[in-house]
Amino acid sequence: MGGGGNLVDGVRRWLFQRPSSSSSSSSSNNNNNNHEQPIFNSSSFSSSSNPNHSANSGELIIEEDLDFSGLTLINVPKRNHLPMDPHKKGETEFFTEYGEANRYQIQEVVGKGSYGVVASAVDSHTGERVAIKKINDVFEHVSDATRILREIKLLRLLRHPDVVEIKHIMLPPSRREFRDIYVVFELMESDLHQVIKANDDLTPEHYQFFLYQLLRGLKYVHAANVFHRDLKPKNILANADCKLKICDFGLARVSFNDAPTAIFWTDYVATRWYRAPELCGSFFSKYTPAIDIWSVGCIFAEMLLGKPLFPGKNVVHQLDLMTDFLGTPPPESISRIRNEKARRYLSSMRKKQPVPFSHKFPKADPLALRLLERLLAFDPKDRASAEDALADPYFSGLSNSEREPTTQPISKLEFDFERKKLVKDDVRELIYREILEYHPQMLEEYLRGGDQLSFMYPSGVDRFKRQFAHLEENQGKPGAAGGGRSTALHRHHASLPRERVPAPNGETAEESSDVERRAAAAVASTLESEEADNGGGYSARNLMKSASISGSKCIGVQSKTDKEDTIAEEEDNETVAELTDKVASLHNS
């Protein structure tokens, strides 16, 4: 999609999240007067209850007219389509047993990886395009299954236009023996990482619009006492109409302490380039929602620069880049750092003066830079909250509190499983209970103590399996309609619901059965040669395995530049001790 022309109805749709609408549906042109700033003719934020969801997770619907004709459409990578075999069209009919006959009309495989398969489809009830992700062997590893449970639960509870939405989860055939799950999502076209790479002509209005959506979504998430903990451009889904949605809540956590702004989790492994300074070297024993605000600041700076702001090679290099730009922190900030060796490291650092933001971003709006300074404050207590940032003068004429709702903190009972040691059967039962939230009749029977649900409400998953198997078998065949490849090779990093691991041209299902083993070996070999000097703890399995249901990394055919970016940035499993002795000394208090 080209980057020129007036923004049309699709641009308005970000504020028209009605149940039957799709932010990825095609838009039609109309003639609007051009405005440099969006104009709101009316404002109302309503909440409607969805019968498939709990009462405390009402869907937010914005009902207002927005003229954003000053924006242009953004470029997003296009897919090559793999049309269905006309002789196999009948296999698209499924879910007849549970009253869902023909609801989802499968169109094409848009993603494939060790986790399973993603197919695009059309919901015949609403007409919107959706993505259906089949996750294989959910319970192979309890840790992965727990992460999936956490994300399914959070995405059910966090119902907001700026957070990716689960539309439906398919009923498994057996309560106690199922292994795979099928999750239906709204279909998004790309992610912010790809948008930044593909568009060198973004306007100040684009930047403002993007940041507004991120902060509005984050305000809602933080009001629920949820910390995302891994915000980065690849975890922000995007459409050509400029709509953004936050995804990948697999690392998110909910705070239940009496003081919800002071939390500590020992398993935190955020992507380094977007990691707040208090997380580098375990500087703070406690951290706050300000960790997400820092990440948003880094993302906003990347939009303005067209490249990452702090592309550190390791933790120490990351700190050096931060202090080179922001200056060394003042003594009062250093004094609040609990790690003694970290305090000594920063105290002994040569005095650095901050670089004026106007020098780093000479073409940026001064109001944007003043807000960016508030987002990138070194000391977390000095960072603006999402709510405060939305009230910044930068959003004058755009921000409206009635369109920026808050919510109640999530109940502690929802995440009681986090405090228990779970086995596979425990997680399976908890995920099954979450699936029933999308099947209200069965949920009612379940809550009454019914134990024969699969006999009362038969599952359509078996038919769905055959449908996915057919798609996988025909994906990439030389004679298949569409030219043998269903995904574009240049799509290397993706968040659901887009392609992950495109199979080589001409590869059959049998030939691709060992794709994970071969790709993992190739990645391991590449990393061994390119990371020899660093001794990094980069895991090939972790690159291939997608534990997140709404966003994940992938291995694809990468250019040298993209491969180096991935290796440098995506070392999510690094521990400080794996880098250098210097960093290890910071880690050990």
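Here the Cβ of each residue, glycine as well, is placed from N, Cα and C on the backbone.
What Swiss-Prot says about this one:
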type     : residues                                                                       : note
REGION   : 18-56                                                                          : region 'Disordered'
COMPBIAS : 20-34                                                                          : compositional bias 'Low complexity'
COMPBIAS : 41-56                                                                          : compositional bias 'Low complexity'
DOMAIN   : 104-395                                                                        : domain 'Protein kinase'
BINDING  : VAL110, GLY111, LYS112, GLY113, SER114, TYR115, GLY116, VAL117, VAL118, LYS133 : ATP binding site
ACT_SITE : ASP230                                                                         : active site, proton acceptor
MOD_RES  : THR266                                                                         : phosphothreonine
MOD_RES  : TYR268                                                                         : phosphotyrosine
MOD_RES  : THR271                                                                         : phosphothreonine
REGION   : 474-589                                                                        : region 'Disordered'
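Looking only at the recorded positions VAL110, VAL118, ASP230, the one with its C-alpha closest to THR271 (phosphothreonine) is ASP230. Within the model, the domain 'Protein kinase' (104-395) carries an average pLDDT of 88.
Of the recorded residues, VAL110 (ATP binding site) and the residue listed as 'active site, proton acceptor' place their C-alpha atoms 24 Å from one another.
Across the structure, the residue listed as 'active site, proton acceptor' and VAL118 (ATP binding site) are spaced 23 Å apart at their Cα atoms. For the binding-site residues shown (LYS112, VAL118), fewest C-beta neighbours within 10 angstroms: LYS112.
For the recorded positions shown (VAL110, THR271), fewest C-beta neighbours within 10 angstroms: THR271.
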